[in-house]
Amino acid sequence: MGPLLRSSPPPRHLRLLLRRLLSTAAGRPSRLLPLPASSSARLLVRPRVAVAAAAAGAPLRRNGVAVRAFMASTAASEAMQEKRVAGEYTAANVQVLEALDGVRTRPGMYIGSTGSRGLHHLVYEILDNAVDEAQAGYATKVDVILHGDNSVSVTDNGRGIPTDIHPQTKKSCVETVLTLMHAGGKFGGSKSGYTVSGGLHGVGLSVVNALSEALEVTVWRDGKEYRQNYSRGKAITMLTSRTLSDESSSRQGTRIRFWPDKHIFTTTMDFDFNTIAGRIRELAFLNPELTIALTKEEDDLQVQHNEYCYAGGLVEYVKWLNTDKKSLHDPIAFRKEMDGITVDVSLQWCSDSYSDTVLGYANSIRTIDGGTHIDGLKTSLTRTINNFAKKSKTLKDKDISLSGEHVREGMTCIIAVKVPNPEFEGQTKTRLGNPEVRRIVEQSVQENLTEYLELHPDVLDSILSKSLNALKAALAAKRARELVRTKSVLKSSSLPGKLADCASSDPEESEIFIVEGDSAGGSAKQGRDRKFQAILPLRGKILNIERRDEAALYKNEEIQNLIVALGLGVKGEDFNKEALRYHKIVILTDADVDGAHIRTLLLTFFFRYQKALFDEGCIYVGVPPLYKVERGKQAHYCYDDADLKELVNTFPTNASYHIQRFKGLGEMMPAQLWETTMDPERRMLKQLKVEDAAEANVVFSSLMGTRVDVRKQLIQNAASMVNLEHLDI
């Protein structure tokens, strides 16, 4: 691969959002090929296949995106493969992968991907083990260190992994749990070492070991310190021990330090401090008695260090999420234990919020796809509030009731359950399936919420008023919602007039560029490949839906155009990716403050209206070049000042060259826009995904909400990240 360019740093407003919230491209884009100066003329042929670019020396890209830039899955060649003649199939063709070889062969089955998300999942596996010790009542402190050599160590003061010989394996227990799949102390029953835990399958520690170039384990227990080294899942030293001094003889705990295998994680080896901090913050909120410290050691001896301890637990979590909102009451919190299952809930309504935030956890594991605990919460909450509404005659019409969406508008709720034998879906544990949990949660919410609201009639009145206003707004928006549904059914016959659609009707290959204004829209329409690229120009800044209710949202023409053009459906309904008209939605705005503002408004709209777009990997940001440098018959494009400087330094001192700075997409010729920003073989895109939904919610509320003081504080806190010389005002 040729020399690489740096990623363009986000402008002032979006920098805050991208740094704290969204995972973007890992690594640097491949340098664009030098183009002849005459290439600004109209291109007649635009092949999509990667063969032409590869023949010219360009890096191979997949589906219009640089493979190594940010894609989580392993890239596969799109070239046609030769047909193979079927041969004899015998026992000799069957492979038996021993020990942890299967993990190394198919790592994505265990950690989700071999990209940034999978890399960070290794940390979470070890961290969750330490938290399990805290949930069992044995650990009070966990230290996580991101070392300068790209290794990570996690140390807890729990009981320490047992070191005696296991009766079945005839190896030490440490080596057993590190080298064998499904070996652990969390399978439940009388022989289990844990009553409640996030680990269930006995594979977390062994998977991390298998995917690490090196791993060191240190155990303190029984007055001794034990050490052993591993490499790619296999022990390379014996378990050694030494007697601790009298001062340290009572020390207990475990430390795991691992170096990820660069042959497995080929796209990135960098651990992000903020990403890991988001997960640690969650765990600290969920475990009030636990203190977790996070430290990052830099090469220049600088150290980032934070400690997380929240004695208030879920109440503090809700307060943190609603920091910048106008709350209607103090957080409501309650706990119930039944049949060995513990339910903790904290919730609060806010007057200036028009969406709900419901976060569910099972044994401190975030269940991003919900589950029976979330279903039970929503059902019981809706039933309880409706009972109060009818009893107080707030709802006078017997045929009208408040839907769950009306009741939850403006609500922030955290529910955490502890289940002795949880039924998770898959190793990544994204959904809880225990049917008995739903029954217990429903009963807990109904009993405790009813009791609280009866004792606090003022809070009840506020919630009913908020819910009733949501119902009225929904009825007012119903006509517009039906219009959206009608337009969606009619599809092409009712698409927005400014939309330049593509010829393809296959959403998988189709992509749409949302551009800023008619000027940029004109260039983009002329420069695109009409076969699979659509263009939707925006008229100025769209509505900030963070501050408006649903009725205002559907009445806004630009918002309607977005909904219909993209096929987003109606807010609140289940997301259906197949209904999307394009599976790649590219935000393409100018590289100035206004462009950053429009980009942020669009991200706010997508996050609040249909967050699943981020989960499905449909949202991208296009990165146009800032400079065009012409020297002789060659033209080079640079994405930031650092890249420009790097390029100019390659020229002789007496070289003659011309630099053109693009302040807007409208300044670029259609062919230039194609060559640099829209051509799948040359362009750079950043795929945006939400790694931490709670953090994302806080950032959007702070940045786009009604509280000016909170927004000002956020900008001031992040001011040190901005280089004033790079501002384009």
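Cβ atoms are placed via backbone N, Cα and C, with glycine included.
Since the structure is predicted, the reported quantities are computational estimates derived from the model, not experimental observations.
The feature Mg(2+) 1 binding site is assigned by Swiss-Prot to Glu516, Asp590. Taken residue by residue with DSSP, Glu516 (Mg(2+) 1 binding site) is part of a strand. Counted within 10 Å of its Cβ, the other Cβ atoms near Glu516 (Mg(2+) 1 binding site) come to 26, all protein chains included.
Feature annotation from Swiss-Prot assigns Mg(2+) 2 binding site to Asp590, Asp592; the stated evidence is sequence analysis. Around the Cβ of Asp590 (Mg(2+) 1 binding site), the same chain contributes Glu516, Ala520, Lys663, Gly664, Leu665, each under 8 angstroms and 6 or more positions distant in sequence. Mapped onto three states, the DSSP output places Asp590 (Mg(2+) 1 binding site) in coil.
Sequence annotations record features per position, and here Swiss-Prot assigns domain 'Toprim' to 510-617 based on sequence analysis.
The Cβ of Lys541 (site 'Interaction with DNA') lies under 8 Å from the Cβ of Asp594, His597, Ile598, Leu601, each of these being in the same chain and 6 or more residues away along the sequence. The site 'Interaction with DNA' feature in Swiss-Prot is assigned to Lys541 (among others).
Positions annotated as site 'Interaction with DNA' by Swiss-Prot, on the basis of sequence analysis: Asn544 (among others). Using a 10 Å Cβ-Cβ cutoff, Asn544 (site 'Interaction with DNA') registers 16 neighbours.
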Rounded Cα-Cα span from Asn544 (site 'Interaction with DNA') to Asp592 (Mg(2+) 2 binding site), Å: 19
For Asp592 (Mg(2+) 2 binding site), the number of other Cβ atoms found within 10 Å of its own Cβ: 16
